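Notes follow the structure.
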Amino acid sequence: MTKNNSMFYQHVDRLITIAFEEDLFTGDLATDAIISKSKQVTAIMTAKADGVISGLEVAKMVIDKLGDNTFIPLVRDGEAVVKGQDIVKIIAPYAQLLSSERIMLNFLQRMSGIATMTARCVAKLEGTHARLLDTRKTLPGHRLTDKLAVRHGGGTNHRMGLYDMAMLKDNHIKAAGSITDAVRQAKQSLPISIQIEVETKDIDEVREALAVGADIIMLDNMSLEQMTEAVKLIDGRAKTEASGNITLETIAGVAQTGVDFISMGALTHSVKALDISMNFTDHPY
């Protein structure tokens, strides 16, 4: 998901098209009725709370859909802002701004909320080697933008989907019969380049996953004591990932257990949007 990633841009372009289809449909009744198509104005977007900005590039893609404009970011994606700080200036026809305002803000507020929460969690990891991961618990259709926002907040992307890592969870293990059988079947079927992660719920399962050669061992909903014991047992022979109901309040203690990764579904599944406003002036500057 870099600036040169054509898949990202193609996907977001489709997402924006859908957003306009559901919002404009046959037209913007109020704007079309009273706003001159040619009248130029300046809009300023302002952060109404402290946070980390994400989604400026996506917001530009939104308004670009409706025609020419001058889009001037005043901060960069991934930059921390304070309440009252202006983040972008846009010079464009009044109608174009009104018809794209809500879609731009929807992307910006959600993505900035994710980046803000991610940054707060990453700050709690200071002094440890743990890295913060996201999950697949994203808004349908918004996975790429949600995960980009995590990166803007200083987090690390976990697997993008079911296609780029084999994660053997409890239901896979139940279907295979055991952790050992599940990992062996996966290794027989998959290319050696595909990492295999195994979900475990206690130390016995950790031992089994380690013995059969899992690349990553997930410590799911374990106590701090269990995680500490598991990390010592694994001793670097596999990567470790803590997961399960981890919050901003508990993440520091989890990191102190020595795990390599901490995954948090809350980064994206229950995000609090960052409050951002857009105000207009008649002056085109």
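The backbone N, Cα and C atoms fix where each Cβ goes, glycine too.
Those TrEMBL annotations? Automatic predictions, nothing curated.
Feature list (source: TrEMBL):
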{"type": "DOMAIN", "residues": "28-112", "note": "domain 'Quinolinate phosphoribosyl transferase N-terminal'"}
{"type": "BINDING", "residues": "ARG102, THR135, ARG136, LYS137, ARG159, LYS169, GLU199, ASP220, SER243, GLY244, ASN245, MET264, GLY265, ALA266", "note": "substrate binding site"}
{"type": "DOMAIN", "residues": "114-278", "note": "domain 'Quinolinate phosphoribosyl transferase C-terminal'"}
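Feature annotations (TrEMBL) mapped to structure.
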| residue | record | contacts (Cβ under 8 Å, 6+ apart) |
| --- | --- | --- |
| ARG102 | substrate binding site | ASP23 |
| ARG136 | substrate binding site | ARG143, HIS158, ARG159, GLY161, LEU162 |
| GLU199 | substrate binding site | MET167, LEU168, LYS169, ASP170, ILE173, MET218, ASP220, SER243 |
| ASN245 | substrate binding site | ASN221 |
| GLY265 | substrate binding site | THR135, LYS137 |
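Break the domain 'Quinolinate phosphoribosyl transferase N-terminal' (28-112) down by DSSP state and the numbers are 34 helix, 24 strand, 27 coil. According to DSSP, SER243 (substrate binding site) sits within a strand segment. Across the residues annotated as binding substrate (ARG102, THR135, ARG136, LYS137, ARG159, LYS169, GLU199, ASP220, SER243, GLY244, ASN245, MET264, GLY265, ALA266), the two Cα atoms farthest apart lie 40 Å from each other.
In the three-state DSSP scheme, GLU199 (substrate binding site) is classed as strand. Within 10 Å of the C-beta of SER243 (substrate binding site) there are 21 other C-beta atoms, taking all protein chains into account.
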